[in-house]
Amino acid sequence: MINVGIVGGTGYTGVELLRLLSRHGGVKIKAVTSRKEAGMPVADMFPSLRGCVDVAFSSPDDSDLKKCDVVFFATPHGVAMAQARELLEAGVKVIDLAADFRLKDPAEFQKWYAMEHTCTDLLAEAVYGLPEVNRDAIRKARLIGMAGCYPTSVQLGFKPLLEGGKKLIETDTLIADCKSGVSGAGRKAEVGTLFAEAGDNFKAYGVKGHRHSPEMVQGLTAIHGAPVHLTFVPHLTPLIRGIHSTLYARILPQARDTDFQKLFEECFANEPFVDVMPAGATPETRSVRGSNYARIAVHRPGNGDLLIILVVEDNLVKGASGQAVQVMNLMFDLPEQQGLEIVPLLP
Ligand SMILES: NC(=O)C1=CN([C@@H]2O[C@H](COP(=O)(O)OP(=O)(O)OC[C@H]3O[C@@H](n4cnc5c(N)ncnc54)[C@H](OP(=O)(O)O)[C@@H]3O)[C@@H](O)[C@H]2O)C=CC1
Ligand SMILES: CC(=O)N[C@@H](CCC(=O)OP(=O)(O)O)C(=O)O
């Protein structure tokens, strides 16, 4: 059994980790932290976990974290970088769901997250947690910066068109028009995610610049092997879970004869969690709710030069905790799908 710790067990990604790990079969949940609820049994706060999780919350400086084989940080940005070194030195692998180890350039991190990076030497060894792009490096890593929720959908959607320097689309006019449910903003109280504010409402935000833009550009540039330019506009939808990303790309003249449906099907043929839907499909967020799947559909209206890629995922599963469990499975040489073969929840 792999001993697991979770820092930030009272938040949405923390409780989602608990839901998935409690039925994983290969792990023991050893420590789950909360600053405010230390001492309270986890299942008292989350009755959905009664009979599944039998530990109590402990303080984030709990020494049991150092006795774990892996610790997940389901915390705001800046928390993992303060504790990662000590855990790594104690032989513990670290998977951070926040952005501390995503951006390779500390100046970019400081610019977008308004805090200094205090662990820059570890940035160099940290591996980006997106298995469909980085599987081999993840297997060998001891420190992971998990991909963000929107960046997961955008990188999966553009990957077949860009990987290995392919010259199929214009790379300076990429557009990602993305919508997220309110659980993407976390469980903390905020006016913008109140029911009366976010319900029966729909709005764009971060149009001037969102912190996921540099992460997407960094990832897409690595996939392509050359610079790309992307316009990203996120929107808040009155959903609880789910991300729907509509991606636009202009087909280059020399690539007009490409069978893009086939290209996508071949690219993801061996991916357990990426489903390329039949031509013409319009994936719905509810088709992935509660599951680790991303579903993708490729459209080319009028057989013209515009390609539209639709991607759906559950922000809390493939966009966060499920993908983190997928990454843990790879790091510990377990079957990649273990604990994640969950059928999405309808209606
Ligand atoms: N929600 C989503 O869809 C996604 C979130 N993420 C990222 O995952 C991380 C967690 O997100 P989410 O679960 O939504 O956030 P929440 O706000 O729901 O939860 C945050 C958790 O962190 C704990 N926490 C807060 N500050 C500290 C601190 N200084 N030290 C230790 N623990 C702390 C809180 O517990 P307590 O106050 O009890 O200590 C709480 O359990 C964030 O970085 C987020 O950006 C990534 C992908 C998707
Ligand atoms: C709806 C909503 O507010 N979403 C969040 C992004 C989700 C998130 O938690 O960000 P990371 O993936 O970087 O960790 C936002 O736009 O800030």
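Any Cβ shown, glycine's included, is placed from N, Cα and C.
Caution: TrEMBL annotation is automatic and unverified by curators.
Classification of CYS149 (active site) by DSSP places it within a helix. Residues annotated as active site in TrEMBL: CYS149.
Summarising model confidence by region, the domain 'Semialdehyde dehydrogenase NAD-binding' (3-141) averages a pLDDT of 97. The domain 'Semialdehyde dehydrogenase NAD-binding' feature in TrEMBL is assigned to 3-141.
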Open item on the list: Give me the DSSP three-state residue breakdown of the domain 'Semialdehyde dehydrogenase NAD-binding' (3-141), ordered helix, strand, coil.
Closed with: 56 helix, 27 strand, 56 coil
Task: Cβ atoms near CYS149 (active site) (within 10 Å, other residues, all chains) - done: 27
